[in-house]
Structure formats: C-alpha cells, structure tokens
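All remarks here apply to the structure that follows.
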Amino acid sequence: MTIRVLGIDPGLTRCGVGVVDVRRDRRATLVEVTVIRTPAEMPLEQRLLAVGDGIAALLDRYSPAAVAIERVFAQHNLRTVIGVAQVSGVALHTAAQRGLPVALHTPSEVKAAITGYGSADKKQVQAMVARVLGLPEAPKPADAADALAIAICHAWRGGLAALSTSGAVGAAGPAAVPGAALTPAQAAWRAAERSTARTSSAPRRLAR
C-alpha cells in the first residue's frame, strides 16, 4: 500500500514539482519530477497562469492523494518572497479545486525529515533525496530535488498515518514489507518521532 504525494517548491521563475509514491514502510519511489519555468519578461498574470496550468496538468495526470508545498519564509529579496507567495496561492487554489488536502512545510521541517538535521544544507538534502529514491544523483536544478524532498517530508511526517486506517491512499502500489530495513534518513526520523513522543507525554513544569 502506498501514498502518492505531489510536492511543490514554489517559485515564479522556476517552480519545482515532484511526485513520489511512499510505502507504509517509508520506502519511496520516484514517479515524476519537473520544473515549470516562466520568463521574467512575461506579464505577471500570464506567468501565474502558466504555473497554475502546469501544476493542474500534473495533478490530473498523476492523481496524488495529497499536495505538499514549502511554506513561505522571510527572505532579504522582497520581490522573490512575493513571487513565491503568489505561486503558493496558485498551487493552493489549484489543489483545492480538485478537493485535495494540502500541507505546508517549513524548510527546517523538510531538512529534519530528510536528513534528521533541521539545519542541513542544500547539498546534504539533495544527497539524501537521491539516496532515499535510489537515484545515482539528485535531480537538477535544485528546485526539482527540493520538490521531491517536500513530498517525501509530507509522507513521512503524517501522510502515511492514513494508511493505518484506510489502506492504500492515492495510486495503488506494492504492499508494505513489515520489518524492512530503513535508510539512515528514515531511521533518524523515526528516532526523532519517538523522542518527540516521549517529550510530549512527560508532564510540563509551569514557569514561575
């Protein structure tokens, strides 16, 4: 049983989109990865339309169970952050039109999920994406690898929980193999989940 997630690394010039199938044992398989590009000289409304059409086509072609988008965070370049926010809005709207659940994940959440370290650099994330997916190298440009990381992050952080009650979600795939070996990233994330669970279950002392 698998969950299919479409991940989006929003950007106006380059919007990375990656689709992965993730089994209940957290093994991930690459389905598709691409980058939607729009030229800077194109009118803004046409650029957003092109990105929206590209995302819509991929949603309709691969029928994911969920969509995951990188959450906008503060950047020094105001024009860049505005473009990212605009594309994020288009992606949210396009997914909502199809009744798909959408999750937003911060860069730190994605890094922690993929590498086990929330301050990992881009090269470390890209290397782990390639390793998790069994690829000889990370897809290029970086926007493509980032989109895959976002999709994997969502599946590992909560998307797989639906499998425990509803069976296969999204595209059909091979059944999970109980007790299968985890990748280093998967093992680190599972250990982090256990640590978080222990911490959250302990009584908290009120501040004085």
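Backbone N, Cα and C atoms are what each Cβ position is placed from, and that goes for glycine too.
The active site annotation in Swiss-Prot covers Asp9, Glu70, Asp143. Under the heading Mg(2+) 1 binding site, Swiss-Prot lists Asp9, Asp143. If you look up Swiss-Prot, you'll see Glu70 marked as Mg(2+) 2 binding site, on the strength of sequence analysis.
The Cβ of Glu70 (active site) has 24 neighbouring Cβ atoms from other residues within 10 Å, across all protein chains displayed. Here the C-alpha separation of Glu70 (active site) and Asp9 (active site) works out to 6 Å. Of all the Cβ atoms in the protein chains shown, 23 others lie within 10 Å of the Cβ of Asp143 (active site). For Asp9 (active site), the Cβ neighbour count at a 10 Å cut-off comes to 28, with all displayed protein chains included.
Asp143 (active site) sits 6 Å from Asp9 (active site), taking the C-alpha atoms as the reference points.
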